[in-house]
Amino acid sequence: MGGPIDVSGDGGVLKTVLKHSEFDEVPKPGEEVEVHYTGKLDCGTVFDSSYDRNTTFKFVLGEGSVIKGWDVGVGTMKMGEKALLVIQPEYGYGKSGAGDSIPPNAVLHFEIELLNFRVKPKNKWELSIDEKLQASVDVKVDGNNKFSQGNYRGAISMYLEGLEYLSESSEWPDESMKLANVTKLQCYLNLSNCYLKVSEFRDAEKNASEALKLDRNSVKALFRRAVARLNYDLLDGAIEDLNNLLKLDPDNVDGQNYLKLAKQRQSNYNQVDKKRYGSIFSKMTFYDEKRGIRDYNKLPKVFFEVSLGDTTFKMVFALFSDTVPKTAENFRKLCQTDHEFNFKNSKFHRIIKGFMAQGGDFTNGDGTGGKSIYGEKFDDENFTDKHTERGILSMANSGPNTNGSQFFITFAPAPHLDGKHVVFGKVMVGSEYLDDLEKVETGPGDRPVNDVVIINCGSL
């Protein structure tokens, strides 16, 4: 990494290259650029980040749609380059600042990665169906070129844009819709491959699933989804995909090899999980002044595999058998698929953003049913643990001493439930997926519009 370069000529914008590019071209005024960025104040406080939003930012260079320092600095960057821009107030937000996050006369530090640039495209709403079809093919070809150069992020951007051109294709005439589906299939397959290359396996799985909606016999889609699932231990799903692949293409060597790997991993599943999660739990403690240190390594652990749309994910819970052994044992047994009744294939029937996700009604599926391993209902064991944080596992009930099988997972602290609902566990692995649960679209009664299903469960 070299020293800063005065790209404005007056000290207003200093650029330090953090990652060099393999390319030579820089964007021209009037071209659309696509970036990822993080913005910080002089003190190091982050005030904005496209990474946090998990979406890139696009603007047309030189049109004045961004601060002057961006037009100057980004205009000197090459595709794939990452740079730090230190921008003085006269090239930023000046004496006025911007809202509460950027004070007056602030010096701004932007780490910017230039992902892509190209001639400003025509607005999509101005295009005819034929023009949209052609535009989708053009950006797909551009994506293929970027992929062949190893620019996987740039390729992802192109394939996603190709799909945007075809977002309304289900309403097009049959012939146009068929042509659109050909390009959509190619984009989904290529996206899945790109996401595998950058180790974003959930997105790889999601796009392979979209491809399979268009062609359920796509060997490439089955293989890529299986590889994605293998990379976050959804072994049953991976094995199912690979078996289906080999029915279509029995001599597929990669499919045969990955199936052997998946089955070998599955045979060692419990042992591997104990080792993996044991090392995690041994480092975790939970302090309570009265009780002291809670040893998570000694607590029972269970897991859910959850299907949410085209995505599946795994969550691991520690059960508080040290404070509520009866309640913990009820939940543990209900996670056993060999128990006469259990959570497998039951749904989360109620999700409230900012509050909780509720499930466990495996009899009626609507919050009116379920039962415990002890009979219809059992008493509240105690209220020692509290609803102090996101990811708390607690019993749902219809009043005092009415515990069955229904439970909920908190999205935030819920002190108003203390003394009313028995806390019996906590999410230990997979808490990042609470974001996905919380974003689920719901209808009347807070019921998810699309099913959120516990497709598998068990003990670790």
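Using the three backbone atoms N, Cα and C, a Cβ is placed for every residue, glycine included.
Quick look at what TrEMBL lists:
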- 30-118: domain 'PPIase FKBP-type' (DOMAIN)
- 314-459: domain 'PPIase cyclophilin-type' (DOMAIN)
- 185-218: repeat 'TPR' (REPEAT)
- 219-252: repeat 'TPR' (REPEAT)
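For the repeat 'TPR' (185-218), the model's pLDDT averages out at 93.
Within its own chain, the repeat 'TPR' (219-252) is flanked in space by residues 188-189, 192-193, 195-196, 199, 201-202, 204-205, 208-209, 211-212, 258-259, 261-263, 265-266, 269, 305, 312-314, 456, which lie at least six positions past its ends and keep a Cβ under 8 Å from the stretch.
Note on the repeat 'TPR' (219-252): DSSP counts are 26 helix, 0 strand, 8 coil.
The helix, strand and coil residue counts that DSSP assigns across the repeat 'TPR' (185-218) are 27 helix, 0 strand, 7 coil.
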